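Student: These came from TrEMBL, pasted as-is:
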ACT_SITE  22  active site, proton donor
ACT_SITE  153  active site, nucleophile
BINDING   82, 102, 134, 135, 136  substrate binding site
BINDING   132  Mn(2+) binding site
Ligand code: PSU
Ligand code: MN
């Protein structure tokens, strides 16, 4: 059921740092060929910071942890399923190709003993009252993995998303930020639970959390300032994108990819550039966290 790349297997066996990477962002989050390029760059950044990258996806009835170049390319082809916890077993059973969201990626990571994952942003509570809540949230509530991300996209209801995290016991650490970042933008009015200045400083908190709790922990890193999309501009892009989606009657799991695509077009690439910058940066930050976690010693080290 699990096919673990040799390099990842060795690192895990020797308590070396490993960073899990999701694959939905490749298959459904970014346009081709940028998506494959970014996937490779994220892996390279993880390596440069001293950890082993483990991109996760489903192929032929197995969870693959650590992908070949050919598999990365395959994820960019049409027809790849978007996999969360509601269809993970179904896609495995059908032996199809599945790109894992944060929810499915952390589940797989935890099963093979990986403590840290990097992504762009988590899913959350959608705007409106139709109970569209990302599977990422319950997965975080149940899965002991640290997720390094730039918060959640402001296409979501961020206030409800932030409340959900607190209710379900998922601590939010801010790296160089007092507020929960909004993916494309650095600022919101929503607090983090604790601020640290570096990913290394987050390691002792993450180490304790993963030892005493059975839930995930978010380590949020704002988009690099030079690539931020300011909130006011973003809200204009979002209003236009939402109007477009409503007219096309898009629902459920298709909403996030369709919105990202519309936003990139309407913002003339500004949201895409922010997305790329934060993905690269988060890969580096996650690797630094993973390295620091393996160097922890004392009572709380696992
Ligand atoms: N953030 C991005 N691009 C993405 C996603 C998040 O910048 O493609 C994906 C992640 O895989 C996340 C998923 O787990 O969207 C959430 O989708 P949904 O709201 O359908 O659960
Ligand atoms: Mn959803």
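Glycine too: its Cβ is placed from the backbone N, Cα and C atoms.
I'm curious about the neighbourhood of these features; can you describe it?
Tutor: Sequence-distant neighbours of residue 22 (active site, proton donor) (same chain, six or more apart, CB under 8 Å from its CB) are 55, 56, 99, 100, 101, 102, 104, 105, 117, 119, listed in sequence order. Following the DSSP three-state reduction, the secondary structure of residue 22 (active site, proton donor) is coil.
Around residue 153 (active site, nucleophile), the same-chain residues six or more apart in sequence whose CB sits under 8 Å from its CB are 121, 124, 182, 183, 184, 256, listed in sequence order.
Other C-beta atoms found within 10 angstroms of the C-beta of residue 102 (substrate binding site) number 29, with every protein chain shown included.
Classification of residue 132 (Mn(2+) binding site) by DSSP places it in coil, neither helical nor stranded. Cβ environment of residue 132 (Mn(2+) binding site): 125, 126, 251, 252, 255 lie under 8 Å away, each six or more residues apart in the same chain.
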Student: Over all shown protein chains, what is the count of other CB atoms within 10 A of the CB belonging to residue 136 (substrate binding site)?
Tutor: 27
Student: Provide the three-state secondary structure of residue 102 (substrate binding site) computed with DSSP.
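Tutor: Helix, per DSSP.
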Student: Identify which of the following recorded positions, namely 22, 102, 132, 134, 135, 136, place a Cβ less than 6 Å away from any atom of ligand 1, and list them by sequence position.
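Tutor: Only 22, 102, 134, 135, 136 qualify.
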Student: How many angstrom lie between the most widely spaced Cα atoms of the substrate binders 82, 102, 134, 135, 136?
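Tutor: This binding site's residues have a maximal Cα-Cα distance of 13 Å.
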Student: So which of 22, 102, 132, 134, 135, 153, listed as recorded positions, have a Cβ under 6 Å from an atom of ligand 2?
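Tutor: 132, 134, by Cβ distance under 6 Å.
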